[in-house]
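Colleague: One structure, as structure tokens, below. Some questions next.
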Amino acid sequence: MAISILSCLRIFTLVMFVLEPNRVLGSRHFGFISYGDNGAGMCASTVATHGYKCQEFEVKTDDGYILSVQRIPQGRVGGGGQIRQPVLLQHGVLVDGATWLLSPPEQSLAMMLADNGFDVWISNTRGTRYSRRHVTLDAKDSEYWNWSWDELIVHDLPSVIDFIFKQTGQKIHYVGHSMGTLIALASFSEGREIDKVKSAALLSPIAYLSHMTTALGEVAARAFVGEITTIFGLAEFNPKAGPVNKLLKFFCAQPGVNCYDLMTAITGKNCCLNSSTVEIFLNDEPQSTSTKNLVHLAQTVRDGVLSKYDYGSNYNLAHYGETKPPKYNLGNIPRDLPLFLSYGGQDALSDSKDVETLLDYLKFHDVDKLHVQYIKNYAHADFVMATNANDLVYNQIISFFRNYA
């Protein structure tokens, strides 16, 4: 039987794990902040329940967005007196930092890092449930949603990294999944925050999307590039709202698109998901992003290059001083920056051919600083939820970070 549209939307969120970034103007530290319908922040609702200490922070970007950041300063067995290296976990689009906390502690990257002596920080993108505030704008205002992943590179990511560096006095290790890898790669290519980053682990790396092997993804990309979303009047892309429901119905009605198994259709066939973990995820409402952000991702699919947002030739001239948007040159990433890339043979979003294009840009990287892992039967969601990711991926990341302590 066909799955409901709401179920499709929730699974669609799981699919798009793909993400946000300058100077901290101000911040506050709270023990626990009340957020969401259950009155509890991520620390209280997701971390402390497993016996871990957890702290809630707010980080204000230079364009006024107030981001929620969580910190797990130590493992369950203590060890708070020792100096622990900070690790920042950055999620993808249409989800939030809870992505890293879906599995039991022994299978969760965040908690495994804490238990292995690291100081874990979790960022939440602007527009998600814990990061919907702004100094002057309301999330109901269309102007609040006037951003793409360009702004995440310029404003959010540097703000969070600067904040962690100020709090700890140490360079960070970085972990990104999907769009969390995109903003990191583009940021590194422009030399942003390189002096505060010790190494980076990139899971299901997204930079080039020309070989995306999903019919629904291709239809959606064409629709967003064609600005069909302006017909629906969307500034906020809210998976729970009626207009997005209509949009998904439109996508699913296109020839060659099968929405019966939506997650597999977009992410590829994930090998190793636990049904209870997926259920926990699906019980968590999908998170909003800006429609402009999805349009920018769709432009990447269309153009086959990694560029800043394309406003059209006339507006590009006003915005950039040239008719075409500037490209991000990943060949400019410092060759001595330690990188760990892990990708899967069944991933329909981070396709192997596109990862090979990325690796070609990194061909002059220092050989001993570039570590590449290929997992033949992994798809997009496996890297954050697979039952065996702790053994196959997370232990490798921990060893990688320790090599560059």
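Cβ from N, Cα, C; glycine included.
Remember, TrEMBL labels are computer predictions, not curated facts.
What TrEMBL records for this protein is below:
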type: SIGNAL; residues: 1-26; note: signal peptide
type: DOMAIN; residues: 46-103; note: domain 'Partial AB-hydrolase lipase'
type: DOMAIN; residues: 108-219; note: domain 'Serine aminopeptidase S33'
type: ACT_SITE; residues: S178; note: active site, nucleophile
type: ACT_SITE; residues: D347; note: active site, charge relay system
type: ACT_SITE; residues: H380; note: active site, charge relay system
Colleague: Provide the number of Cβ atoms within 10 Å of the Cβ of S178 (active site, nucleophile), excluding the reference atom itself.
Modeller: 30
Colleague: Could you check the active-site residues D347, H380 and say which one's CB has the fewest neighbouring CB atoms inside 10 Å?
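Modeller: It is D347 that, of the active-site residues D347, H380, has the fewest other Cβ atoms within 10 Å.
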Colleague: Can you grab the distance from D347 (active site, charge relay system) over to S178 (active site, nucleophile)? Cα atoms, rounded to a whole Å.
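Modeller: D347 (active site, charge relay system) to S178 (active site, nucleophile), Cα-Cα distance: 11 Å.
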Colleague: Residue counts in helix (H, G, I), strand (E, B) and coil for the domain 'Partial AB-hydrolase lipase' (46-103), per DSSP?
Modeller: 10 helix, 21 strand, 27 coil
Colleague: Between the Cα atoms of H380 (active site, charge relay system) and the residue listed as 'active site, nucleophile', what distance do you get, rounded to the nearest Å?
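Modeller: With distance taken Cα to Cα, the residue listed as 'active site, nucleophile' is 8 Å from H380 (active site, charge relay system).
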